[in-house]
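Student: Here it is: the structure, laid out below.
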Amino acid sequence: MSVDLRFTKGQGTGNDFVLFLDPDGHHDLSPSQVAALCDRRFGIGADGVLRAVRSENIAAGGAALAEDPAAEWFMDYRNADGSIAEMCGNGIRVFVRYLIENGVVELVPGRTLPIGTRAGVRDVIRSGTGFQVDLGRWRLEPDETLVSAREVPVARPGLGIDVGNPHVVVALADDAELEAADLTVIPHLDPAPVEGANVEFVVPREPLVRDGVGRIRMRVHERGSGETLSCGTGAAAAALAVRHWAGAGAPNEWRVDVPGGTVGVRMFPAEDGEHVALSGPAELVFEGDLSIA
Ligand SMILES: N[C@@H](CCC[C@H](N)C(=O)O)C(=O)O
């Protein structure tokens, strides 16, 4: 049996997604269907799929509604290989743009839109021409991970950071080393995290801090999607790692340059501890109809 869907292609700093509305939760695609959609030669091509489903119509939505009954919509995120991930920082901005453009939600400046995700409810607000998402509390992993990547001369220590999904951040020596890293091959992590991890390679800008804002460059190999032009949660993890390494006095506001553009990261105190927020653009590119077997 085939499934007919109206889809939209969207992107945030070049991290691209296929989006579709499934309010009643009738189209829970299989991993192979997702992989087929994301295939850049045989499908539409994307780093992931975002299914917009009402929280009441997806099993994981129960926890979201318990956390915040106003979280009417749930972002069901899949990586390009069909695997499930807890959270997507670029995706959620594109997701909110998509809900707004489709007239299913309103988001007036100054108001917050709660979205259900597998990492918990995430609050989104408008920010400039894009959106800002509060990624909530973050966690430093206690143990160091040794990271080896092709064309990076020696294995480097990586810092594990959870921002709703898992990341390992590695500092490289300079821009030349960052550019030379071959991320077509999955970086090797030792010990290997059971659930896998997204791996961010970072270098500081010169100077690291300008006008009170920290500045870094980053490339990423995403779990389940390979190298992408940007990873929002990865940018947040990278800024948190560099602030950690920089020590006392390091700023709480960061600009992270990725191959697909620039995103902003901000750390701020909240009632339950420090939160990290991500801001950046979100664009819808084209739409069409598809039929998947
Ligand atoms: N690109 C995303 C992260 C998507 C999920 C990730 N690949 C994972 O498996 O955790 C972002 O912008 O955060």
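The chain as shown is numbered from 1 upward.
Just so you know, glycine gets a Cβ as well, placed from its N, Cα and C.
Heads up, here are the entries from TrEMBL:
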| type | residues | note |
| --- | --- | --- |
| BINDING | N15, N79, G89, N90, N165, N198, E222, R223, G232, T233 | substrate binding site |
| ACT_SITE | C88 | active site, proton donor |
| ACT_SITE | C231 | active site, proton acceptor |
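For each feature listed, report its degree of burial, its nearest neighbours and the pertinent distances within the displayed model.
Tutor: Remark: N165 (substrate binding site) has A85, E86, M87, C88, A119, N198, R223, T233 as non-local neighbours, by Cβ distance under 8 Å and separation of at least 6 in sequence. DSSP assigns N165 (substrate binding site) to coil in the three-state reduction, outside any helix or strand.
Taking a C-beta cut-off of under 8 angstroms and a sequence separation of 6 or more, C231 (active site, proton acceptor) has the following same-chain neighbours: N15, G89, N90, N198, E200, V220, E222, V258.
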Student: For substrate, with binders N15, N79, G89, N90, N165, N198, E222, R223, G232, T233, what's the maximum Cα separation in whole Å?
Tutor: 16
Student: Over all shown protein chains, what is the count of other CB atoms within 10 A of the CB belonging to G232 (substrate binding site)?
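Tutor: Taking every protein chain into account, the count is 28.
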Student: When you measure from the Cβ of C88 (active site, proton donor), how many other Cβ atoms are you left with inside 10 Å?
Tutor: 31
Student: Under a three-state reading of DSSP, tell me whether C231 (active site, proton acceptor) is helix, strand or coil.
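Tutor: Once the DSSP labels are grouped into three classes, C231 (active site, proton acceptor) ends up as coil.
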Student: Can you name every residue in this chain, apart from N15, N79, G89, N90, N165, N198, E222, R223, G232, T233, with its Cβ inside 8 Å of the center of the Cβ atoms of the recorded substrate site?
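Tutor: Neighbours within 8 Å of the Cβ centroid, excluding N15, N79, G89, N90, N165, N198, E222, R223, G232, T233: G48, A85, M87, C88, G91, V220, S225, T228, C231, G234.
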Student: Can you see whether DSSP assigns G89 (substrate binding site) to helix, strand or coil?
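Tutor: In three-state terms, G89 (substrate binding site) counts as helix.
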